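Student: Pulled the feature table from Swiss-Prot, pasting it below:
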SIGNAL    1-23  signal peptide
DOMAIN    66-206  domain 'SCP'
COMPBIAS  254-280  compositional bias 'Basic and acidic residues'
REGION    254-281  region 'Disordered'
DOMAIN    289-384  domain 'LCCL 1'
DISULFID  C295-C313  disulfide bond
DISULFID  C317-C337  disulfide bond
DOMAIN    390-492  domain 'LCCL 2'
DISULFID  C396-C418  disulfide bond
DISULFID  C422-C445  disulfide bond
Amino acid sequence: MKCTAREWLRVTTVLFMARAIPAMVVPNATLLEKLLEKYMDEDGEWWIAKQRGKRAITDNDMQSILDLHNKLRSQVYPTASNMEYMTWDVELERSAESWAESCLWEHGPASLLPSIGQNLGAHWGRYRPPTFHVQSWYDEVKDFSYPYEHECNPYCPFRCSGPVCTHYTQVVWATSNRIGCAINLCHNMNIWGQIWPKAVYLVCNYSPKGNWWGHAPYKHGRPCSACPPSFGGGCRENLCYKEGSDRYYPPREEETNEIERQQSQVHDTHVRTRSDDSSRNEVISAQQMSQIVSCEVRLRDQCKGTTCNRYECPAGCLDSKAKVIGSVHYEMQSSICRAAIHYGIIDNDGGWVDITRQGRKHYFIKSNRNGIQTIGKYQSANSFTVSKVTVQAVTCETTVEQLCPFHKPASHCPRVYCPRNCMQANPHYARVIGTRVYSDLSSICRAAVHAGVVRNHGGYVDVMPVDKRKTYIASFQNGIFSESLQNPPGGKAFRVFAVV
């Protein structure tokens, strides 16, 4: 007997055992038919996909996926002491949408996998809500044995008695507090050698990434007893919770349908590759903190009402006639570079100088040092001091809070040398919080890669500590997902700049 596509149900999840997938007879497939009919024209042909103004997931599906994740995370056993409330992230949604459009039954793209977690699900035949797959991921718990603290010496064992448990562990990974998903309709999708004519493909991306080898998915203990300080002691239904975090949703230009139409291949002459995905959110910044100045430039000329920290002086300033007023504290009409030579920060070969504005001084003392005679002045005026620019090599985990936190009126950080491959660093220990302006809890080097001031092969970075911000915005740039943060207690901020 011949069975049509409507009469069969196929349901699977990535990383199940690679074997033939059982089929079940479905007597009624009208729900899926109605859903798919919205994508056909009068002749029964599939529409060509429109420009991307819509999203590949509805508000209802978004909310149901999010609610189910938080419900499942709140009821883990043994109980979790540090399980964080999960929120929706539009950048993760966009990356999930991009991968869902590829219709490839594998994790990807490879450029993102070091920094995100990912669960996949697919079915065809009878309609299934996306929460069907979320629940199936969680149901792997029956095969998972939680590693208690006394078993972790120092690494925790991973015990899974079934085909796979990593979907479950990603769903309940305590620090994975952001999720974004997308749904796509894939024609003739290859699922482990079987061709599914109309596969409904669900991709969910998570950040920070879970499933780190040697770690338990969460800490066992009384709920909310080990929440990170950034949550301020907030707890909601056994989850670490910060007031207001559940009320933010990204703005939608237009409501979308449940299944995204696959783009026609007829009009697309460009073959997309994995490298296309890695460069979609590429950001490059050549903005420098260090300003190149001449021997004659005075701080008063170069710095009016802006934050001026670091200058690059040319060689030969000993021969300049530009005046310098004061000693130790220099008057604002002094030459920046000649004041630096006078104080001994640089020599006649030039170099970098850090400047700190010091407010008004009642007088300035003349002196002769390092071949430069300064002028005395017994009149109140604004002043500045000079200091040496040091260079320090750091790790991918080093933060501004550790190295050079902001202190009023200003702080100077050494010029930082970042190592290679910070994109692949563990985002739990090398967080990136913010966009353009970053929380000082962030990894300096991963923030620099995110901002585009240095590539993944490492290099020099200038860091400017600044006062705290009320809001840090999440984004996906250069292969790194940054976190959002609202009203952090106490912490300061920083910016990163290129060294050219």
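Even glycines carry a Cβ here, placed using N, Cα and C.
Bear in mind that the values here come from a model prediction, so they are computed numbers and not experimental data.
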Student: Please report the Cα separation of C396 (disulfide bond) and C337 (disulfide bond) in Å, rounded to an integer.
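Tutor: Here the two Cα atoms are 33 Å apart.
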Student: By DSSP, how many residues in the domain 'SCP' (66-206) are helix, how many strand, and how many coil?
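Tutor: Tallied per class, the domain 'SCP' (66-206) gives 45 helix, 43 strand, 53 coil.
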Student: Radius 10 Å, atoms counted are CB only; among the disulfide-bonded residues C313, C317, C396, C445, which position scores highest?
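Tutor: It comes out as C445.
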Student: Take the C-alpha atoms of C445 (disulfide bond) and C337 (disulfide bond) and report the distance between them in angstrom, rounded.
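Tutor: Each residue's Cα considered, C445 (disulfide bond) and C337 (disulfide bond) end up 30 Å apart.
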Student: Tally of helix, strand and coil residues over the domain 'LCCL 2' (390-492) according to DSSP?
Tutor: 15 helix, 32 strand, 56 coil
Student: On a count of neighbouring CB atoms within 10 A, which of the disulfide-bonded residues C295, C337, C418, C422 is highest?
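Tutor: Counting Cβ neighbours within 10 Å, the top one is C337.
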Student: In which DSSP state, out of helix, strand and coil, do we find C337 (disulfide bond)?
Tutor: helix
Student: Going by C-alpha positions, which of the disulfide-bonded residues (C295, C313, C337) is nearest C418 (disulfide bond)?
Tutor: C313
Student: Between the Cα atoms of C313 (disulfide bond) and C422 (disulfide bond), find the distance and write it as a whole number of Å.
Tutor: 31
Student: To the nearest whole angstrom, what is the C-alpha distance linking C295 (disulfide bond) and C317 (disulfide bond)?
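Tutor: Computed Cα spacing between C295 (disulfide bond) and C317 (disulfide bond) is 5 Å.
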Student: Please work out the mean pLDDT for the residues of the domain 'SCP' (66-206).
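Tutor: Residues in the domain 'SCP' (66-206) carry a mean pLDDT of 93 in this prediction.
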